[in-house]
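Right, one structure below, let's go through it.
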Protein chains: 4
Amino acid sequence: MAKKINKIAVLTSGGDAPGMNAAIRAVVRSCSYYNMECVGVYRGYQGLIDKDFEDLTARSVRNIINKGGTFLKSSRSEEFKTKEGRAKAHKNLIDAGVDALVVIGGDGTFTGGLYFNKEFNFPIVGIPATIDNDINGTDYTLGYDTALNTVVEAIDKIRDTASSHNRLFLIEVMGRDAGDIALNSGIGAGAEEVLLPEEDQGIQRMMDSLEKSKKSGKTSSIIVVAEGEKSGKNIFQLAEFISQSHKEYDIRVSVLGHIQRGGSPSCFDRVLASKLGVGAVEALTDGKTNIMVGVDRQKVVHVPLETALKEDREFDQELRRVANITSV
Amino acid sequence: MAKKINKIAVLTSGGDAPGMNAAIRAVVRSCSYYNMECVGVYRGYQGLIDKDFEDLTARSVRNIINKGGTFLKSSRSEEFKTKEGRAKAHKNLIDAGVDALVVIGGDGTFTGGLYFNKEFNFPIVGIPATIDNDINGTDYTLGYDTALNTVVEAIDKIRDTASSHNRLFLIEVMGRDAGDIALNSGIGAGAEEVLLPEEDQGIQRMMDSLEKSKKSGKTSSIIVVAEGEKSGKNIFQLAEFISQSHKEYDIRVSVLGHIQRGGSPSCFDRVLASKLGVGAVEALTDGKTNIMVGVDRQKVVHVPLETALKEDREFDQELRRVANITSV
Amino acid sequence: MAKKINKIAVLTSGGDAPGMNAAIRAVVRSCSYYNMECVGVYRGYQGLIDKDFEDLTARSVRNIINKGGTFLKSSRSEEFKTKEGRAKAHKNLIDAGVDALVVIGGDGTFTGGLYFNKEFNFPIVGIPATIDNDINGTDYTLGYDTALNTVVEAIDKIRDTASSHNRLFLIEVMGRDAGDIALNSGIGAGAEEVLLPEEDQGIQRMMDSLEKSKKSGKTSSIIVVAEGEKSGKNIFQLAEFISQSHKEYDIRVSVLGHIQRGGSPSCFDRVLASKLGVGAVEALTDGKTNIMVGVDRQKVVHVPLETALKEDREFDQELRRVANITSV
Amino acid sequence: MAKKINKIAVLTSGGDAPGMNAAIRAVVRSCSYYNMECVGVYRGYQGLIDKDFEDLTARSVRNIINKGGTFLKSSRSEEFKTKEGRAKAHKNLIDAGVDALVVIGGDGTFTGGLYFNKEFNFPIVGIPATIDNDINGTDYTLGYDTALNTVVEAIDKIRDTASSHNRLFLIEVMGRDAGDIALNSGIGAGAEEVLLPEEDQGIQRMMDSLEKSKKSGKTSSIIVVAEGEKSGKNIFQLAEFISQSHKEYDIRVSVLGHIQRGGSPSCFDRVLASKLGVGAVEALTDGKTNIMVGVDRQKVVHVPLETALKEDREFDQELRRVANITSV
C-alpha cells in the first residue's frame, strides 16, 4: 500500500509559462485544504540538489494567480542529469520529510521526473506547462492559451502597419516541433498563410497562395512562420526568397520572440492551472505516481508520464482545413 | 434528396458576443471556397422581414476577425414572433434566391430558427454565440472565453484597490441562469467566494467563508456574484446584509455590466468561430438542417436544435470543488 | 539652516492610484542613491500613529513599478485629525530617527501634511497621486493617465454592443468635482456628449445633441457622465428622463466604478512617478518643505502645498470646444 | 488677404503611427463643423499624384478613433520628389477644388509639404505623427505615447521570463536618431540600463552597471537598446560582447520591431489627435500656412515647418538622471 502523504514538494522546471504561479498556488492550497504541508523548491531540479526549499502556506501564495513567470524560478539543471545529482536531491527531500513531488513543466521536466522515480521509487506527479502545447494526452498545456492571445494581439498591431503600407509581413512565432501556436494564431489573426513544422510542402503552398493573392489584387499580407518549419531557410532567407518573385510587396520580418512566454495568464490558463494543481495533489494522496494530470474534455485525467512523452501527437488536419478555407 | 445549396444567408441575433464577426467571416469565406454566394442579413430576424440584405464576398469580411460586436448588427424582433412576420421573411429569402440560413446567437435565436424551419422547411443551421455559455451540446459558445478574460482583468484591477484599502468587494457578473462566468472568473480572479444561480445555499456558504476569513485575519476580499444568484437580494442589499455582521470590512459594490459583452475576441474565440463558421456551411451543403454546430473535444459536432435548447446542462460540481479548495 | 536629512519616511494616503508603487520605488531608490535611509509607513497616516514602519532598500522595491495600488497600503485616518493622533505620529517618527516625510496622495493627504508640518515644523513634501487630476499647480497627477486609458478601453468595449444594437449608453465615470476624466475620455472614446461638474447647462446641451442625432439618423450613442455633474439627477434618473422624449433609443446605463482606480500604470504614469519620486527626495535634501512636487511642461516644479490645495483650477474651455467639434 | 478656404484635403504619409485615424477624423469633423468640404487622399503624396481622392463626411469617420494605422493608407512617394510629380499633384488638387492641405506625418512628410508650398504657394498645415517623438517644437507627436505603452507592456512580459530564469535580456526598441522611446520605456519598465543614440559612452556605462549588478548579486537584468545607439555593434554583437565578461548571465536578445507602430491609440494620443486635427483646420481658416500644429503645455501652438524640421532638439539630461537614480 502507498505510504500516507504528509508533505509535498513542488517545483517548476524548463521554460517558464504563464499559469505556473497559478498551478503552484493550487498545489499549495490543496495541501492546506487536506492538512498536508507543502514545500516550494526554488530553481527546479537544481534547487532539489541545492536544498533551496521554502515552506509554503495558503497565505504565501496570495496575489500570484495573475502573475506571469514562476516565483519559484526555473532552470535547466545539468547536475540533475547525473546519478550523483539525483542522489543528493533525493537525500534532501528525505531529510526535509517530503513524501512526494509535483513537477510543473514540459517534456524535459517529465523525463527528469521519470528517471528520479525509477531510481528512488519516489512519488511524482507532473503538471504540463509549456506554451508549445506539445505534450501527449492532454487537450491543453498551461500557458498555451495565454501565448495564443499574446501572439494574436501582436499580429493585430502589425496588421495595422501592413494595411497602412501594403506590406507583406513574415512573423515568426514559437514552436520548434509543434505548429499549434502557428496554426491557431494564424487562423486567429487572419493570416494569409501559415508555415508549420508538421508540413513539408508549406513553402510551395505559400508561394501558390501569394501568386493567387497577386492576381486578386491583395495588397497586404501576413504569413505566420513557426520556428521549426521545414523549408530549411531562416525567416530572413524566406523573405529574400519571396522578394525574388514578388516585387509587388514591400516585405518585412518580425520575430515575436520572448514576449510569447510572459504576461498575466488568461482566465482559461488560470482555471486550468487550478484544476491541475488540485488534481495533482489528489492524485498523490490517492497513491498515484509517475503520471501527468491533464485535461480531456475539461475533466482532469491521469496519463502515464511515458505516454505524455510519446512523440506521436496527431496533427490536426481539420484545423489545417479551416485555415485554408478562412484565408481564401 | 436535399436541394443543392447555391446561396446562403447569414444573420446575428440576440445579445451580441465577441466572435460573431469572426463567425460571419468564416461563413462568407466558406461560401466563397465552395463557390456559393453569401448574403448578409442586417439586424437579425427583423432584417429578414425588412429585406435588409447585402451580398458579401471574401473581401467584404476583411479585417473584421478581431472586432467585437457584429457588423451585421443584431436585434430582438417582435414581428418575427408572428406568423405574418415569418411569412414575409420567407418570401424575401426565396425572392433573393437564398437556399439556406445560418443563424448566429443564443437560445432565442435558435427557437426562432426552429419555428421558421417547421413552417417552411427552410434549411437552417445555428452557431452558438453567447457569453453565458448556456447552450446544451457544445463545450463552448462564442464569446464566453473573451468575456471570462474581460471579467478577470476587471477584477484584477479592483483587487489592486481592495488590497490597498482592506476592503471587501462584491462584484456582479453576467449570468441569469448559468453560473459559468461567475464560477470560472471567480476561480481565475482568486475570489474568496462565488454566488451562483445553480446553488441555493450560496449565501450561507459565503457567510461561513467570511467568518473564517475574519478569524484568519484576512483584510481584503473579493466575492463574485452572478446576476441570477438565489439569495433573493440584489447586490446592494447583499452588501448591506454582510455589513451588519462584518463591521471589520469597508464593503464596496461593483457591477461590471456591459463591458463583459464587448472587446476584441480572444484567440480561442476566433478559432472557435472559424471552425463553427466552416462547420455550419459544410453541414448545409451536406444536407443537414435544424442543427447547431458545436464543439466537443475541439471537434465540430452536429446537435439537433431541440437538444441545444434543452435546459438540463449539468452543473460542474468538480469545478465548484476546485473553487472551494483554491480559495482556502 | 535646514538640518541635514539622513532618513526619509514615505507613505501613501487617500484613494489609491496607479503609479503609487512606482513613486514609492523612486523615493526609496533616491534615498539609496544619496546614501540616506528610507522607511516605509503602512496604511498612511494611521501607520504613523501605529508605528507600522518597515525599512526599505533599493532591493525591497524590485518588480513593483508595474503594479497597481500601493504595497504600503492606504487608509483614511480619523485619529490623525486629532491633536493627540498627530503628536503620537510625530513621536514615532522622531523615535525612529526619521528626518523628513514624503506623502503620496491627493488633497486630503496634503491637508494632513500641512497640519502636521505647522504643529511640529517637520519637513514634508507631497507627491500628487489621484486619478481625478484635481490638484492645482501640476499638469498631471499620478494615476490620471492610466485611468483615462482604462475608461476609453471600457467604452470601446461598450461601443461594440451599442453599435450592434442601436442603443444609447449612459456611462458614469469618476470625477466628483473635476470633469477631467469625463471630458478627456469622452473625446478619446468618441462620445456624442459629455456631462461635467463644471457646467450647469450640460443636460440642455445633451438634449439638443440627441435631438440633432435623431434628425441625422444616428442609431447608437455614447454619453459620458461625470459622477459630479450638475443635473441633480443620478444616472438612472437621467436615463429615465431621456427615454421620455427619445423612444427611438433602447437606453442602457453603465457605471464603470472601481476598475478606474486599478491596473498596471501606463508608461506615462511610471515615468511621471519616477520623476516626482526623485524630485521629492531632492527637494527635501535641498531644505524644501511644505511643497508639492509637480510637473510643468515635463519639468519638475515645486508648488507650495497651500497653492496645490486651492480650488481655482481653470476649466479647459479649449478642450470643451474640441469635444463639441469632434462629436459633430 | 488669404483666399477663403472651402475645401480641405487631408493625407497621411511616412511611417504609420497610432492616432493617425483619430487625427483624420478630427480634420474631417472640423471641416463639417465649419461647413467646409473635406477630401481624403489615399496613399499619401502618391495619392495626390494619382488623384486617389474620396469625399469624406462626418459620418465617414465614424468608429475609427480607436483604430491603429491609417485608413487613408500611407506610402513614401519617389515621384513626389520630382518637379513633374508635384506639378501633377497640384493640378489634381486644383481640379478637385481643394483650397488647402493637411499633411499628417513626420519630418519627411513636412519636407515634402514645404517644397510643395514653395512651388505653388498652396496652403499647407502639418500634424506631427511619428512614434519617435523626434519633431521640434511640440511636446508630443502622435503615436509616441501609445508606442511607449506597447513597449513597456512587452518588456513587462519579458521580465516574467528574465526573473524566472536569472537572465539578462537586451531589448531593441525603435529610435534611429532619438532616444525618447528607449529612455522613457527604460524608466517605465524598470530597465537596469539604457543605450541611446544621444550618448557616446553608453556602452561603458552599461558595462559599469553590469559590474555593479554582479557584485550586488542581481540575477536578472533588462537593458533597453535604441536602434540608433552609438556602440557600432548590432544587438547580437552587443550580446556577444557582454557574454565575454559576464559568464554569470544567460543572455538573450529581443527585437521588438513592428509591434511598436500599431495598436489602438492611448487616450492621450486620441485627445492629442483631436486637438491637433481641430487646430490644423482652424489654422488654415485663419490664413496660416507652412506651419505645424503642435502642443506646448497642452495648448495648441503654431510652429513654422522649418523650425519643426530643425535637428536641434535638446536631450533631456534631467530624465537621464532620473533613469540613473531609479535603476540604482
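Including glycine, each Cβ sits where the backbone N, Cα and C put it.
A:Gly15 is the only one of A:Gly15, A:Gly19, A:Gly175, A:Gly179 that TrEMBL places in the ATP site (with A:Arg76, A:Ser77, A:Gly106, A:Asp107, A:Gly108, A:Thr109). Per TrEMBL, the candidate among A:Arg43, A:Arg159, A:Arg252, A:Arg261 that belongs to the ADP site alongside A:Arg25, A:Ala26, A:Val27, A:Val28, A:Arg29, A:Gly190, A:Ala191, A:Glu192, A:Lys218, A:Thr219, A:Ser220 is A:Arg159. Annotated substrate-binding residues in TrEMBL are A:Thr130, A:Ile131, A:Asp132, A:Met174, A:Gly175, A:Arg176, A:Glu227, A:Arg252, A:His258, A:Ile259, A:Gln260, A:Arg261, and among A:Arg167, A:Arg270 the one listed with them is A:Arg167. With the fewest other Cβ atoms inside 10 Å of its Cβ, the least crowded of the binding-site residues A:Arg25, A:Arg29, A:Arg76, A:Arg176 in this structure is A:Arg176. Between the CA atoms of A:Asp107 (ATP binding site) and A:Val27 (ADP binding site) there is a gap of 20 Å, rounded to the nearest whole number. Each residue contributes its Cα atom, and for A:Glu192 (ADP binding site) and A:Arg176 (substrate binding site) these two points are 21 Å apart.
Of all the binding-site residues given, namely A:Gly15, A:Gly106, A:Gly108, A:Gly190, the one with the smallest number of surrounding CB atoms inside 10 A is A:Gly108. In this structure, the CA atom of A:Gly15 (ATP binding site) is 24 Å away from the CA atom of A:Arg29 (ADP binding site). Chain D comes within the C-beta cut-off of under 8 angstroms for the following of the binding-site residues A:Ser77, A:Arg252, A:Arg261: A:Arg252, A:Arg261. Closeness to chain B is evaluated for the binding-site residues A:Arg25, A:Arg29, A:Ser77, A:Glu192, A:Ile259 by Cβ distance, with values under 8 Å counted; counted residues in sequence order are A:Arg25, A:Arg29. Within 10 Å of the C-beta of A:Glu192 (ADP binding site) we count 21 further C-beta atoms, all protein chains included.
Considering only the residues assigned to ADP binding, A:Arg25, A:Ala26, A:Val27, A:Val28, A:Arg29, A:Arg159, A:Gly190, A:Ala191, A:Glu192, A:Lys218, A:Thr219, A:Ser220, the longest pairwise Cα distance works out to 54 Å. Across the fold, the C-alpha of A:Arg261 (substrate binding site) and the C-alpha of A:Ser77 (ATP binding site) stand 20 Å from each other. Comparing local CB density within 10 A for the binding-site residues A:Arg252, A:Arg261, the maximum falls on A:Arg261. In the shown protein chains, 22 other C-beta atoms lie within 10 A of the C-beta of A:Ser77 (ATP binding site).
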